[in-house]
Amino acid sequence: MDKYAVIGNPVEHSLSPVIFQAFEKQTNHSFDYLKIKAPVNGFAAAVKKFHDEGGKGANITLPFKEEAYQLADKRCQEANEAHAASALQFREDGTIYAVNYDGLGLVQDLTRNHNITLTQKSILIVGAGGATRGILGPLLNAAPEKIVIVNRTPSKAHALAKIFHLRGEIQGGGFDELEPMRYDVIIHATSLGHQGKFPPLPDGLVGSQSCCYDLSYGKIASPFLQWAKDQGAKYNFDGLGMLVEHNAAVFYLWFGIYPDTNPVIEMLQAHL
């Protein structure tokens, strides 16, 4: 039986096995899907071992996305822009193909599942790390009016804006540089939720029709989404749908079939 996996450290929390099991039942495909906890300094060896044992593909989670990108022989455009891979495909000719579908998953969740329009909208992204870099390309493809990146270290936000400046109206800065305006979409992309915190955002950013979205899901997303509700945001979503949509795109890469994501999202929401 073909083998697939999610590789990360930690990996115990990953919902990907549950999601792929649901896709497996839905599409009548049979395969094994494993959780592989790779040593922090042993990712390449773990990938080689899995590949040598007949592995066909792997989802990649923290902290190995950049290393997975470097390991690949060929990469999709989104992976090249992000300098990170969210999944690998082990091809018949022995080469490794890297993709990054994080941004695709986000845009699919926002536009298809939640009916949020991104075209000609103002988007604020909070955080300038790898998560933000991974979503910028697909967000810019949606032709927003502008994207503003805000970060505790302004230079990181400026650097990201510079990388993508040819793709559309994009700027970066620190929290004290934020213009007093109401954004259509605010995306939280920092890891502060793991500590039960959220960034020092000023009042006045959220309008009556604003959508606030946390890339994390469950309890980790709670601090930011509670802030959004307190600020009066009309729409508040966590990143569970993004994860499912990401994995649906990976499933299509591996099997050539695009699964129905709605029942899987509903199933996970009922159990989380």
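Here the Cβ of each residue, glycine as well, is placed from N, Cα and C on the backbone.
Taken from Swiss-Prot, the feature shikimate binding site covers Ser14, Leu15, Ser16, Thr61, Asp102, Tyr217, and the record attributes it to sequence analysis. In the three-state DSSP scheme, Ser16 (shikimate binding site) is classed as helix. Around Ser16 (shikimate binding site), a 10 Å sphere centred on its CB holds 23 further CB atoms from the protein chains shown.
Around the Cβ of Lys65 (active site, proton acceptor), a 10 Å sphere holds 24 further Cβ atoms from the protein chains shown. What Swiss-Prot records for Lys65 is active site, proton acceptor.
Around the Cβ of Gly127 (NADP(+) binding site), 22 further Cβ atoms fall within 10 Å across all displayed protein chains. Gly127 (NADP(+) binding site) falls within neither a helix nor a strand when secondary structure is assigned with DSSP, and so counts as coil. According to Swiss-Prot, the NADP(+) binding site annotation covers Gly127, Ala128, Gly129, Gly130, Ala131, Asn151, Arg152, Thr153, Pro154, Ser155, Lys156, Leu215, Gly239.
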Inset, instruction - List nothing but the largest Cα to Cα distance in Å, as a whole number, among the residues Ser14, Leu15, Ser16, Thr61, Asp102, Tyr217 that the record says bind shikimate. - result: 15
Inset, instruction - Count the other Cβ atoms sitting within 10 Å of the Cβ of Ser14 (shikimate binding site), across every protein chain shown. - result: 18
Inset, instruction - Within 10 Å of each Cβ, count the other Cβ atoms and name the one among the binding-site residues Arg152, Lys156 with the highest count. - result: Lys156
Legend entry - Count of other CB atoms lying within 10 Å of the CB belonging to Gly239 (NADP(+) binding site): 25
Inset, instruction - From the binding-site residues Pro154, Lys156, Gly239, pick the residue whose C-alpha lies nearest to the C-alpha of Asp102 (shikimate binding site). - result: Gly239
Legend entry - Distance in Å spanning the most remote Cα pair of Gly127, Ala128, Gly129, Gly130, Ala131, Asn151, Arg152, Thr153, Pro154, Ser155, Lys156, Leu215, Gly239, given for NADP(+): 26
